[in-house]
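Feature annotation from TrEMBL assigns transmembrane segment to 39-57, 69-88, 94-117, 137-160, 199-222, 286-308, 320-338, 344-362, 383-401, 407-426. Annotation comment: TrEMBL describes 435-455 as region 'Disordered'. Among the features that TrEMBL reports, compositional bias 'Basic and acidic residues' is placed at 441-455.
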Amino acid sequence: MERNLKNVLVISFGFLLLFTAYSGLQSLQSSLNAEEGLGVASLSVLYAALTLSSMFLPPIIIKKLGCKWTIAVSMCCYVAYSLGNFYASWYTLIPTSMILGLGGAPLWSAKCTYLTIAGTLYAEKAGKSARDIINQYFGIFFLVFQTSGVWGNLISSLILSQSSNQGEISEADLECCGAYDCLTDTTNSTGSERPSDSLIYTLLGVYSASGVLAVLLVIIFLDQIKSDQAETEKEKTPFWSTFLATLRHLKDKRQCLLIPLTMYSGFEQAFLSGDFSKSFVTCALGIQYVGYMMICFAGINSLCSLLFGKISQFTGRKLLFALAAVLNTSCIITVLLWKPDPKQLAVFFVIPGLWGVSDAVWQTQTNALYGILFEKNKEAAFANYRLWESVGFVIAFAYSTKLQVYIKAYIVLSVLVLSMLTYGAVEYLEAKSSPGTPAATKKENGGPHSQETHM
C-alpha cells in the first residue's frame, strides 16, 4: 500500500475509534449525569475550553511536538474524559472536560496539517495536482470518520438495553416529559432511572478501550511527517497574531452578520443532544433509546451532507438554507405542541431524522459560505466560525438546567429567525456588490460536524 495512503487510513480509523467513544458519551451526558445538571455543565465547560484552545494552542503544540505526537497526546485528553465518567462528580468530570476541550483544537489542527502536507508530498512525487490529492485524502477521512456517531450510539444502546430497570411508564410520570418538563434531575421514576453501575462501567470500559486503541494505532503505525512545508508550518506567525487576526476579521460587516447563523449551529445541536434526548427520549422511553435516536440523526445527517454537497451547485445555497429553516421550525413547533407518548414511537425518530436533514445544511453550507465569502482570509474566517459555534454550545449548555424545555425551544426558534434575517442581509450585500453575477454555490470543504457535533 502506498505509504501516504496508509497514514491517511491510520488517522481516519484512529479518529473513528476515538469519536466512537466521545459521540456516545456526549449524547448521554444530560441523561446519565443528570444530578444537579452535571452532564450538561461538563459539556458547557468543554466547549468553553475548546474556544480558548482554538485561539491559542494549536500552533504552539504542533511546533513543539510535530503533527504525529500532537495527535497522540490530544487523543489522550479524550481518553481522560472517558475515565472521568467512571466516577462522575464535579471534581472529576469538570477537570477532564477542560482537558478534553484544551486538547480538541490541537487534535483537529494537527490532523488537517498532516493530511495537507501528506497530500502535497504525494502530489509532488506523482506529478499530480496537490489540491486534488488533498481533497481525496480529506474525502477518505470523512467517509470513515462520519460513521463514528453511528457506532458510538449503537454501542450505548445495545449495552444499556440490558438494564433491568426498564418498565412501563405511568401517566403521572409522562406528565413530566416533553416541552413542559418538571425541571427535576430525573424527569420520571422509570424511564430516567439510572442504569446499574455494572452496565455503566461496561459501557465506559468499552469507550475507554476504544480511545486507548486509537492512541496506540497512531503511536505505532503513523509516520512522523517531515517536509520543508512542515518547517514552514512551524515558522508561522506567533500564536497571538492568530487571535488578533480573528478579532480584526470582525471589522468585516458580513462576518458580524453571520455570527447569529454560526451560533445557531451550536444552539440547535445542543438542544437535540441535551434537551430532546433527556426530556423526550429518556423521559418517555428510557435511556437505552437515546443511542438509537442519535443513530437516526447521525445517519441521515451524513447522507444528506454528501447529497447537499453535490446538489448545491444546481439548487444554490439560498434554497437549501430555506429548506433547513422550514424543517427546523417545523420540528421546534412539533416539540412545543407534542406530548411524548411511548405508543407514538415513530415520532421520537422522525424529529431527529428531520433535524439531521436541516443540520446537514447548517454544517455543509455555512462552511461553504465562509470559504466563498472570505476566500482571501480563510484562516481568520474559520477561526471565527469555530469561535462563534462554540459560544453557541457554551450558552445553550449553560442555561440547560435552569429553564424548562419550552423556553429553550423558543430561544432556539428566536435565534433561527434572527439567523435567517442576518443571512438574508449577507446575501443582499453580496448581490449588491456584484450586480448581475450569480452567487457562488461551490462547496468548500469545512471542518468536522460537529465535533463534534461532532467536535
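Every residue gets a Cβ built from N, Cα and C, even glycine.
Automatic prediction, not curation, is the source of TrEMBL annotations.
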Near the transmembrane segment (286-308), which same-chain residues lie under 8 Å Cβ to Cβ, leaving out any that are not at least 6 residues past its ends?
23-24, 27-28, 31-32, 146-147, 149-150, 152-158, 160-161, 163, 165-166, 190-192, 194-195, 272-273, 276-277, 320, 348-349, 352-353, 355-357, 359-361, 363-365, 449
Between the transmembrane segment (407-426) and the stretches 39-57, 137-160, 199-222, 320-338, 344-362, work out which stretch tops the count of Cβ pairs under 8 Å.
320-338
Return yes if the transmembrane segment (94-117) and the transmembrane segment (199-222) have at least 3 CB pairs under 8 Å (sequence gap of 6 or more), otherwise no.
no
Is the transmembrane segment (137-160) close to the transmembrane segment (383-401), in the sense of at least 3 CB pairs under 8 angstroms with a sequence gap of 6 or more?
no
By a Cβ-Cβ criterion of under 8 Å, what residues six or more beyond either terminus of the transmembrane segment (69-88) are in contact with it?
11, 14, 18, 21-22, 25, 32-33, 38-39, 46, 61-62, 95-97, 99-100, 102-104, 106-107, 109-111, 114, 201, 204, 207-208, 211-212, 214-215, 218-219, 222, 224
